[in-house]
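Chemist: Before we start, here is the structure in question, set down as structure tokens.
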Amino acid sequence: MSHRGTRVLRLDALARVEGEAALHLRVQEETVTEARLRIYEPPRFFEAFLIGRAHTEPPDITARICGICPVAYQMSACQAIENACGVTVEGPLAELRRLLYCGEWIESHTLHIYLLHAPDFLGRADAVELARDHRAAVERGLRIKQTGNAILEQLGGRPIHPVNVRVGGFYRTPAPEELRPLAERLRQARDDALETVRWVAAFDFPDAGSDHDLLALRDPGRYAIDSGTPTVIAPHGRTPAPREFPVSDLEQHVHEEQVPHSTALTAALDGRRYLTGPLARYAVNGRWLHPVAAEAAREAGLGDPAAGDICANPFRSIVVRAVEVVQAVEEALRIIQDYEQPPRPALDVIAREAVGAGATEAPRGLLYHRYALAENGTLTAARIIPPTAQNQAAIEEDVRRAVQARLDRLGTAAGDEELTRLCERAIRNHDPCISCAAHFLDLTVERG
Amino acid sequence: MTGRIVVIGVGNPLRGDDGVGPAVVEALRGRVPDDIALAVSDGEPGRMLELWRGADIAVVVEALLLHPARPGELHTLTAAEVAGRARGTASTHALGLGECLALAEALDLLPRKVIVHAVEVADVELGTGLSEPVRSALPELIERTATSVRRAGEENHQRRTSGGAPLP
């Protein structure tokens, strides 16, 4: 029941958010005064676990942080170690890594679109209900996902915790003919991916905006995945002008600090709330989408990415994810077509006393690693900044806005159940990755 | 492939007792016939559906959290029993095993038979290694799983020799 005075909502069961999440919402006189989300345990355990290990170990160990995006962890880890050792992986080895990463984007995004996010727009409680009522769609989603999985198996050795990636490259690289069956599957997946964009574009989207700064890697000439320069753009179009900084300076810009509506420490970028992930990536890299993906974006009502149009409605992130799946499929096809087997599966990465940083675009956003190595390669420090931790303040603000917009709508009172669903949707828009945190949901609604 | 048997250990070895499923699968390596597929999974439903696609019998080993908890207690459940428990209570995974089984059923992707062996966990905080109650229960859990695999093989053999209709 809605009534004047103070009420506090503590949401106890956040459905379809991977892992553990708890939300604390305080409403005073029909104004949301606090939206506090505990959704991510920064991987401090892994940082401690890495100290004293060899410089060759972070890709394997950090891949276990997240079963949904192990490749992202491997890639950021490899780059940070290679950066410390003065090695740059280029040419076909870098292309193979990018191909592997495309597989992860395809798999992770499709999981979120079909099994976690779409039920929100179709009024279904979960993926099981969706499968009963929209079976063909769910089967299409599983087909796309299997294609991403096939790339991970072919290049990574196995789909969860891939074992074939190593510092400097791979343990083994495929011959071009080994990749041909993947190309065949990817061509089929392209049709399914384009159909996905049309499917999600037809959903009803609540009218919503956001004013977070946007942070993504920028890799001029191509849509950033595995490399690029951290770039920040302002929320409403083009002023102030985009700014960028080297990966190695990221910790000078990203700080954990107190924000007004929350007692928790939250990441801020140069003192401001910011968002990383598909919406940020699309804003920074949209002009470099493959023509097929760009056309799909235009048809889906995302404006013209070539002209720098951005998407500020977090509920439409599902459309941007669908466009990114098309992009990843096209990019994977291009890489396979141009691929020539490298002479050696990996470069030598000789340890030295140094610090190195690496950042790549995990499906959920920018993932940063930094390692300090002793002369013999033993790790003396490790720092991991995952996308969901960076997005926490932005997600909280989205929740606050969504609930406030609902409370401001006159006529009908907002019940606990409705607000709970609304909060869950606002959170799911950002596909928070908390599967490496505890897996139990803890969402309570408390009203006073 | 008709008659295929798959054993799936679900869990994350870096989450304490959640690693019990993978631990059982490791213990079965070399102990079961070569044609038995052994797999480890984080329980993500899309991958689970792939792992048992085309399988006749799936044996799943899972960590289980019940209230009130009796850590180390073993449970053997059918697909229907797990699906009935559904979210939150029965599994440590994002979309729990219950939802995963319900999803498979909705899409006609359930193996003919699913056997779930589960152990009640004490500790799923970040860290390696099993708690004492779960470690003590591990040999019996491995034994139960191995027995299920052996019986599944016998059952398949009987179905073949008795001309039992192969499933699509």
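Every residue, even glycine, has its Cβ placed from backbone N, Cα and C.
Below are the features I grabbed from TrEMBL:
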BINDING   A:GLU47, A:ILE384, A:HIS439  Mg(2+) binding site
BINDING   A:CYS66, A:CYS69, A:CYS433  Ni(2+) binding site
BINDING   A:CYS69, A:CYS436  Fe cation binding site
Chemist: Measure from the CA atom of A:CYS66 (Ni(2+) binding site) to the CA atom of A:ILE384 (Mg(2+) binding site) and give the result in Å, rounded to a whole number.
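Modeler: Roughly 13 Å, rounded to the nearest whole number.
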Chemist: According to DSSP, which of helix, strand or coil covers A:CYS66 (Ni(2+) binding site)?
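Modeler: A:CYS66 (Ni(2+) binding site) sits in coil per DSSP, no helix or strand.
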Chemist: Would you kindly give the Cα-Cα distance separating A:CYS66 (Ni(2+) binding site) and A:GLU47 (Mg(2+) binding site), rounded to the nearest Å?
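Modeler: Rounded to a whole number, the Cα-Cα distance is 14 Å.
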Chemist: Let me spell it out: for each of the binding-site residues (A:CYS66, A:CYS69, A:ILE384), count the other Cβ atoms within 10 Å of that residue's Cβ, using every protein chain shown. Which one has the most?
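Modeler: Selected residue: A:CYS66.
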Chemist: What is the Cβ neighbour count of A:GLU47 (Mg(2+) binding site) at a 10 Å cut-off, with all protein chains included?
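Modeler: For A:GLU47 (Mg(2+) binding site), the 10 Å Cβ neighbour count is 18.
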